[in-house]
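Colleague: Attaching a single structure in structure tokens format; questions to follow.
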Ligand code: ASP
Ligand code: MG
């Protein structure tokens, strides 16, 4: 029997009518002969409400109780989905994470799935159950406490089930009809991609294309799970949406597949630090311990043993970064003349596995930005990505110019 995993996000199960609509899609797959594992999110807005209640009750909350409360949104949807399917005469039942059990680490609110034993669900399938509706986002720790996987974690639940059950595919139903070359709200010529490679999706996911939780893409890549993103509000078939897959499965490949952006970045420069062995460790150690997510790093040339060190981080971490640097200075770990923060920058990136085999992507990118008079402040590159930091007010313009320069509005 072939297992299909279908995941429905918060807006796809936002009210009873939408749950019914999702159940219709499940029914169709059952009729096509699949055993279906449905992973559900909480109804849209529910998790935020639960988080709010926890924070209001106890600002320095016990993370175990946070998980107990916040995981409950998914339980409601799982039960309602099972009931809806039963009303359609489909043998279905709900499963909370601990009943499967979805075994996780004890890192409350950011737990990782360690194992999903198949025995319990397989037994029910063997007894005639057609659909297992599993509450996403949650599991159980070795200590027997309920855990959650971090915001957006239901995607990861879905991929983990697909891997554990050797599913033919993992379909992620959401409120958009696929993965786009860039954000359609910024560039109306953005085009839906039929296929995208895992590695590209990882870059796009972590760069702020919010369709999938990054961790779920990592997991899909590791276990070679065929992952598909599609809309729950449209008629869909086997070719709908965007398939996230191995790059070998993509025949025609654009050099660049997408343009991503991160609006709220900051650029910090430590002016005149001693250029000596260990200085980078002395700067970035305290930043990491303060929870600052440093992204780009540039060390300038040094003169007379002193240098400037520039890094970028999210704008809402600037105060924390400053504090960490001031403390490191007070304690004598580092010495710098000044710390300058530019909080009006954004990051724009082009991503594509085709870059590995094509030269000239960087110069094409820089030409396109120059033609719009956009100044580049920091550049970083990886094998399949080039990112630049620019003034935030030019972000939209840069995304549009790059989308155009790499011909992303025309099919590959
Ligand atoms: N309900 C959780 C959240 O809003 C998990 C998910 O929907 O993926 O983050
Ligand atoms: Mg989500």
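Note that Cβ sites are derived from N, Cα and C of the backbone, with glycine treated the same way.
Summarising the annotation, TrEMBL assigns ATP binding site to 7, 8, 9, 10, 174, 175, 180, 185, 210, 211. If you look up TrEMBL, you'll see 47, 74 marked as substrate binding site. What TrEMBL lists as domain 'ACT' is 268-353.
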Colleague: Near ligand 1, meaning Cβ under 6 Å from any of its atoms: which of the binding-site residues 7, 47, 174, 210 fit that description?
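Modeller: Once distances to ligand 1 are taken from each Cβ, 47 fall under 6 Å.
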Colleague: Looking at the binding-site residues 7, 9, 210, which have a C-beta within less than 6 Å of some atom in ligand 2?
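Modeller: If the test is a Cβ under 6 Å from any atom of ligand 2, the answer is 9.
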Colleague: Quick check: in three-state DSSP terms, what is residue 47 (substrate binding site)?
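Modeller: Where residue 47 (substrate binding site) sits, the three-state DSSP reduction gives helix.
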Colleague: Across all chains shown, how many C-beta atoms besides its own are within 10 angstroms of the C-beta of residue 74 (substrate binding site)?
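Modeller: Taking all protein chains shown, residue 74 (substrate binding site) has 30 Cβ neighbours within 10 Å.
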Colleague: Could you tell me how many residues in the domain 'ACT' (268-353) are helical, how many are strand and how many are coil under DSSP?
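Modeller: Secondary-structure composition of the domain 'ACT' (268-353): 28 helix, 34 strand, 24 coil.
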Colleague: Compile a sequence-ordered list of residues in the same chain as residue 47 (substrate binding site), six or more apart from it, whose Cβ lies below 8 A from its Cβ; state 'none' when nothing qualifies.
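Modeller: Listed in sequence order, they are 10, 41, 70, 73, 137, 151.
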Colleague: So if I measure Cβ to Cβ from residue 210 (ATP binding site) and keep only same-chain residues at least 6 apart in sequence, which ones fall under 8 Å?
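Modeller: The list for residue 210 (ATP binding site) reads 152, given in order along the sequence.
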Colleague: Given residue 9 (ATP binding site) and residue 74 (substrate binding site), what distance in Å do their CA atoms have, once rounded to a whole number?
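Modeller: Just about 10 Å between their Cα atoms.
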Colleague: If you draw a 10 Å sphere around the Cβ of residue 7 (ATP binding site), how many other Cβ atoms fall inside it, taking every protein chain shown into account?
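Modeller: Here the count is 29.
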Colleague: Among 9, 174, 180, all listed as binding-site residues, which has the most CB atoms within 10 Å of its CB?
Modeller: 9
Colleague: Among 7, 8, 9, 10, 174, 175, 180, 185, 210, 211, listed as contacts of ATP, what is the widest Cα spread in Å, to the nearest whole number?
Modeller: 25
Colleague: Rounded to the nearest angstrom, how far is the Cα of residue 74 (substrate binding site) from the Cα of residue 7 (ATP binding site)?
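Modeller: On Cα coordinates alone, these residues lie 12 Å apart.
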